[in-house]
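Trainee: From Swiss-Prot, for reference:
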- 1-41: topological domain 'Cytoplasmic' (TOPO_DOM)
- 63-75: topological domain 'Lumenal' (TOPO_DOM)
- 97-148: topological domain 'Cytoplasmic' (TOPO_DOM)
- 194-201: topological domain 'Cytoplasmic' (TOPO_DOM)
- 223-245: topological domain 'Lumenal' (TOPO_DOM)
- 267-282: topological domain 'Cytoplasmic' (TOPO_DOM)
- 304-323: topological domain 'Lumenal' (TOPO_DOM)
- 345-406: topological domain 'Cytoplasmic' (TOPO_DOM)
- 42-62: transmembrane segment (TRANSMEM)
- 76-96: transmembrane segment (TRANSMEM)
- 149-169: transmembrane segment (TRANSMEM)
- 173-193: transmembrane segment (TRANSMEM)
- 202-222: transmembrane segment (TRANSMEM)
- 246-266: transmembrane segment (TRANSMEM)
- 283-303: transmembrane segment (TRANSMEM)
- 324-344: transmembrane segment (TRANSMEM)
Amino acid sequence: MKNGMAECSVCRSRLVSPSSKAISRAYDNYNYKIRVSSKQRALNVFLVVGDCMLVGLQPVLVYMSKVDGKFNFSPISVNFLTEIAKVIFAMVMLLFQARHQKVGEKPLLSLSTFVQAARNNMLLAVPAGLYAINNYLKFTMQLYFNPATVKMLSNLKVLVIAVLLKMIMKRRFSIIQWEALALLLIGISINQLRSLPEGATTVAVPIATGAYICTFIFVTVPSLASVYNEYALKSQYDTSIYLQNLFLYGYGAIFNFLGILGTVIYKGPGSFDILQGHSRATMFLILNNAAQGILSSFFFKYADTILKKYSSTVATIFTGIASAALFGHILTMNFLLGISIVFISMHQFFSPLSKAKDEQQNGNIELVDAKDGHRAKDSFINMAAGATEEASHRIESDDRVPLLPR
């Protein structure tokens with residue numbers, strides 16, 4: 001049995017296995033359920049560590065970019081420059097990959113390859129547009145919350161992503177994994193609890209309403225973008241990731257440039273200077289955002305969106321400590337308790353015990369399907385053997401099964 005195909009041990013002919021069912025194109029077609037190799041584990045560790053560093057630094061760099069609580073630059077210009085940096089990286093890596101192609105492989109830089117890949121990856125325009133909206137919201141969220149709180153709120157994306165993965169990509173989660181996600185929400189809620197002193201209960205309604213709206217969009221939009229991005233990258237798995245990134249970042253640059261044009265129309269030609277108000281901190285912010293986006297593409301294609309979001313929760317500790325050390329933000333007991341529950345949730349979600357029952361049920365279902373398929377094929381072969389004297393054999397998923405007597 002290989003890739004849902006049953007192979008005969010004599011003639012090497014292949015047929016689609018009756019028990020193979022396409023649950024999800026993006027997961028099943030590319031061996032998503034195979035045992036994780038040592039190289040895959042090393043890649044996952046590298047992705048998680050890199051993501052923790054980059055995601056943890058982002059809100060700190062955004063906070064450092066503010067002057068008197070405001071941005072002297074246009075956030076859209078930062079997003080546009082970030083996309084340009086990622087496009088340049090994708091082009092350089094694509095040229096490097098093309099120079100090291102093996103003999104007989106289809107050239108990556110040919111016009112036909114580029115056009116065909118562009119047609120097959122048009123779906124990447126959807127997450128690119130959603131990311132353009134989300135990148136602007138990252139700056140807006142800093143006006144309402146401190147960096148550590150922004151990271152805790154972003155953890156809400158895990159639950160939304162899980163629901164979207166179940167709806168769009170038909171991915172299944174065990175009961176223990178759903179309970180782990182519930183624990184994650186509890187941990188985030190504990191962190192958000194604040195005891196206000198007397199006389200401090202009045203909050204400006206426009207600011208509070210704007211914060212809630214931004215939080216809802218901040219959680220929903222990137223979650224939808226991540227799921228569509230993972231589906232688009234995995235559905236065209238044979239396409240070079242750097243070629244896919246070139247399309248994704250190209251779409252993102254176009255959307256952000258349209259945002260700049262809209263700003264020019266609204267504020268006047270003076271706002272067209274995309275470098276206005278930038279500082280050394282914003283340059284580091286652009287490089288950090290570019291590296292984070294590039295790393296995310298490897299998460300979505302070779303790892304998992306849930307792993308990506310859970311790894312971002314680890315960055316909360318780094319963000320909280322850094323914001324406390326650099327900006328004097330206080331690490332409350334609620335924050336420490338919330339972080340503890342988040343880590344318990346992460347351990348429970350990825351624990352082998354959380355997957356054992358689900359995998360056992362799947363194995364039983366596959367075994368029953370295989371037995372039913374074998375009985376059906378046995379009946380058909382016996383009928384054919386009684387009607388003809390010609391040699392015949394049956395194709396089984398197990399090559400050790402002997403051929404029928406002639």
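Every residue gets a Cβ built from N, Cα and C, even glycine.
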Trainee: Reported in the order helix, strand, coil, what are the DSSP residue counts of the topological domain 'Cytoplasmic' (97-148)?
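Mentor: Going by DSSP assignments, the topological domain 'Cytoplasmic' (97-148) contains 35 helix, 0 strand, 17 coil.
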Trainee: May I ask which of the stretches 76-96, 283-303, 324-344 has the most CB pairs under 8 A with the transmembrane segment (42-62)?
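Mentor: Against the transmembrane segment (42-62), the leading stretch is 283-303.
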Trainee: So how many of the residues in the topological domain 'Cytoplasmic' (267-282) end up helix, strand or coil by DSSP?
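Mentor: Grouping H, G, I as helix and E, B as strand yields 8 helix, 0 strand, 8 coil.
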